[in-house]
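S.K.: Relevant sequence annotations retrieved from TrEMBL are reproduced here:
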- T167: active site, nucleophile (ACT_SITE)
- R195, V196, G197, D198, T218, G219, H220, G221: substrate binding site (BINDING)
Amino acid sequence: MLPVVVVHGGAGFVPRQRSELSVSGVCSAAGSAYGILKGGGSSMDAVVNAVTLLENNPAFNAGIGSVLNVRGDIEMDALVMDGKTLASGAVSAVRNIANPTQLARLVMEKTSHACLTAEGASQFARAMGIPEVPVESLITDYSRMRWQKNLAADANPVECQMGKMGTVGAVAVDTEGNIACATSTGGMLNKMVGRVGDTPCIGSGGYADNNIGAVSTTGHGETIMKVTLARLILFNMEKGQSVEAASDSGLALMKSRVDGLGGVITVDPQGHWAARFSSLQMAWAAAQSDTLHYGLYTGEHFTQNIDDPESHYPKYKA
């Protein structure tokens with residue numbers, strides 16, 4: 001069963017013309033991270049690798065391609081967590097860093113803090129030798145188009161989120177049984193300046209514990225935070241629920257209690273995994289036992305041999 005890695009590209013609605021970009025992106029990330037695990041790499045190395053690839057892919061709302069706030073600027077959040085020690089690191093509202101997840105890992109490994117924000121995070125990045133990039137280099141034409149469209153007085157930013165690629169995340173268990181998670185996002189479309197959602201919040205955007213499992217979440221951040229979705233799912237697993245049942249019950253509670261939609265990827269220490277969502281779609285991929293699994297709509301579950309040279313880029317058609 002081990003090692004295993006699961007990746008998501010965000011819950012919501014993926015426009016038909018971008019479906020293949022979304023699915024091939026998560027499959028490529030899962031395949032790359034699985035290669036690290038097969039080579040004896042750690043679960044932390046694997047999840048950071050997967051999420052970095054998605055941050056570098058302009059199809060997703062993380063790193064390059066992040067959505068813009070109401071001022072037309074980028075503010076990104078990220079979280080990593082190590083299930084062996086419960087160490088974690090996060091950054092929020094960072095602007096000119098290409099890979100916030102890598103910076104979050106440095107917060108975990110090089111400071112005594114759990115989260116750095118805005119200018120403080122930028123100062124720390126400079127001290128760590130992380131190169132700054134022009135903010136404009138992270139803004140795509142698609143993101144700017146959606147920002148302009150949603151400046152209209154009657155626009156609903158929560159509903160409009162459904163037309164974007166989403167928050168990205170990964171969970172993994174390595175050959176030594178160590179568990180990790182990583183989550184990264186550009187946040188909510190046309191959000192207020194300084195708004196921070198669930199992603200960098202331990203227990204909401206993600207959680208990892210070798211004794212239970214790991215979760216990375218995606219969806220409407222404000223509702224995810226209200227139910228601390230990641231930790232809620234692991235609590236369900238502590239009570240004996242399977243990864244799928246625990247994920248479904250957590251999402252169901254979020255829908256019934258605060259009318260929130262979202263998605264999660266979940267693993268347990270034995271290598272069981274799930275990719276579950278209450279939104280219309282969530283691009284996801286998993287790699288285990290030399291098999292690549294992937295899907296976009298509820299009920300979809302395609303598989304390919306991971307050694308197939310085409311397997312990391314499936315010809316998905318919505």
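Including glycine, each Cβ sits where the backbone N, Cα and C put it.
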S.K.: Fewest other C-beta atoms within 10 angstroms of its own C-beta: which of the binding-site residues G197, G219, G221 fits that?
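M.R.: Across G197, G219, G221, these binding-site residues, the one with fewest Cβ atoms within 10 Å is G197.
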S.K.: Output the one of T167, T218 that, of all these recorded positions, has the highest number of other Cβ atoms within 10 Å of its Cβ.
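M.R.: For the recorded positions T167, T218, the Cβ with the most other Cβ atoms within 10 Å is T167.
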S.K.: Of all the Cα pairs drawn from R195, V196, G197, D198, T218, G219, H220, G221, the residues the record ties to substrate, which distance is largest, in Å?
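M.R.: For the residues that bind substrate, the greatest Cα distance is 16 Å.
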S.K.: Mind telling me which of the binding-site residues R195, H220 has the densest Cβ neighbourhood, counting other Cβ atoms within 10 Å?
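M.R.: Counting Cβ neighbours within 10 Å, the top one is H220.
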S.K.: Have a look around V196 (substrate binding site) and count the other CB atoms within 10 A of its CB, chains all included.
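M.R.: Total other Cβ atoms inside 10 Å, all chains included: 19.
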S.K.: Round to a whole number and give the Cα-to-Cα distance in Å for the pair T218 (substrate binding site) and the residue listed as 'active site, nucleophile'.
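M.R.: Each residue's Cα considered, T218 (substrate binding site) and the residue listed as 'active site, nucleophile' end up 6 Å apart.
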S.K.: Let's check the environment of D198 (substrate binding site): how many other CB atoms sit within 10 Å of its CB?
M.R.: 30
S.K.: Could you give the Cα-Cα distance between G197 (substrate binding site) and the residue listed as 'active site, nucleophile', in whole Å?
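M.R.: Their Cα atoms are separated by 11 Å.
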S.K.: I need the CA-to-CA distance for H220 (substrate binding site) versus the residue listed as 'active site, nucleophile', whole Å please.
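M.R.: Cα-Cα distance, H220 (substrate binding site) to the residue listed as 'active site, nucleophile': 10 Å.
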S.K.: Could you give the Cα-Cα distance between D198 (substrate binding site) and T167 (active site, nucleophile), in whole Å?
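M.R.: A Cα-Cα distance of 11 Å.
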